[in-house]
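> What follows is a single structure, and I will ask about it in a moment.
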Amino acid sequence: MKFNIALLAGDGIGPEVINEAVKVSDAIAKKFNHEITWTPALTGACAIDAVGVPYPDETHEICMAADAVLFGAIGHPKYDNDPSAPVRPEQGLLLMRKKLGLFANVRPTFTFPSLIDNSPLKRERIEGTDLVFLRELTGGIYFGEKGRRDDGETAFDNCVYTRVEVQRLAKKGFELAMTRSKKLCCVDKANVLETSRLWRETVQAMEKDYPEVEVSYEFVDAVAMRLVQWPNSYDVLITENLFGDILTDEASVISGSMGLMPSASVGEHTSLYEPIHGSYPQATGLNIANPLATVLSAAMMFEDAFGLKEEAEAIRTVVNQSLEQGIVTEDLVAKGVKAYSTSEVGDWLVANL
Ligand code: IPM
Ligand code: MN
């Protein structure tokens, strides 16, 4: 098969981890007789520096024309402590999600047997954890009206959801639950928020269409707590944008390193695959960042965007082997133990595919 993939390396360690995912993807393509055309495009701080905006129209056209988007990371410290910056790299990501209609963010959390003791949580709590968050990505407080009044002394961010937005995300949740253990948890704050009551009412009305799925409704504060107590009691969780942002960062450390977790954003147009970690500015250019989350995002891309399960499995298998054999970056080794560089890990994966 032939694929055209938009390559959005972004900022910070983005280009370094993307580079390794490209090497591994090309090796997989060679092994299974596929042809990949990579089309690089600018996004984030590097796009602001080059053309003044974080998600240029040209980048959007490249993404729309592609079969999938592989994305690195976005963000630069020079914008973080300047609340008055007129444009910010993160706006590029939000605009890209909106314009590509990427309303569902799929963020799995699973454990690797060889890394169980890297987790900050006790082994018996996390063994067997295999859960997926479906985070709503184009609504809620992120995209509601925001502003200042009273001469700037008062600020507001509105949280708005429509029934249709909840339905389309929940539908993906029910469908995913049907392919797994048929357990779905709707995470909300329906004891306080009106948008949460709309979520709950909408999901409840959909239950009859999926009689086999067992649905639970839990408040977000309780989920934040249970997620570190008994993560292995969850399977598929659906939630709104901001709750999902926070809970998926919390969930990402269960596996032992944030540098391991992949994600997909899907919706109306081209799907996007990206590691869940950020741009890790302190590590930029040092060749130390963990490329595995991006490599595993490429595996998700092969499986979900192209329907190539065997290719995806081959990537996951070699990643597992690298973990078992300790061919890993510094975030995964104890002090004093030899760590491999970003590109050495990528080279090893390619050589062992
Ligand atoms: C994420 C990030 C983004 C978000 C930022 C960079 C805008 O934290 O993908 O989770 O908040 O959605
Ligand atoms: Mn986040």
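Cβ atoms here come from the backbone N, Cα and C positions, even for glycine.
Not my notes, these are from TrEMBL:
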BINDING   Arg97, Arg107, Arg135, Asp221  substrate binding site
BINDING   Asp221, Asp245, Asp249  Mg(2+) binding site
DOMAIN    4-349  domain 'Isopropylmalate dehydrogenase-like'
SITE      Tyr142  site 'Important for catalysis'
SITE      Lys189  site 'Important for catalysis'
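Can you walk me through where each of these features ends up in the structure?
Asp221 (substrate binding site) counts 13 other C-beta atoms within 10 Å of its own C-beta, drawing on all protein chains shown.
Cβ-based neighbour count (10 Å, all protein chains) for Asp245 (Mg(2+) binding site) stands at 18. Asp245 (Mg(2+) binding site) falls within a helical segment according to DSSP.
In the shown protein chains, 18 other C-beta atoms lie within 10 A of the C-beta of Tyr142 (site 'Important for catalysis').
There are 18 other CB atoms within 10 A of the CB of Lys189 (site 'Important for catalysis'), with all protein chains counted.
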> In the three-state scheme derived from DSSP, which category covers Arg97 (substrate binding site)?
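Its secondary structure by DSSP: helix.
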> Check Asp221 (substrate binding site) against DSSP and tell me helix, strand or coil, would you?
helix
> Got a sec? Which of these binding-site residues, Arg97, Arg107, Arg135, has the most Cβ atoms within 10 Å?
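Buried the deepest by this measure is Arg135.
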> Pull out the recorded positions from the set Tyr142, Lys189, Asp245, Asp249 whose C-alpha sits within 10 Å of the C-alpha of Arg97 (substrate binding site).
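If one measures from the Cα of Arg97 (substrate binding site), no recorded positions come within 10 Å, so the answer is none.
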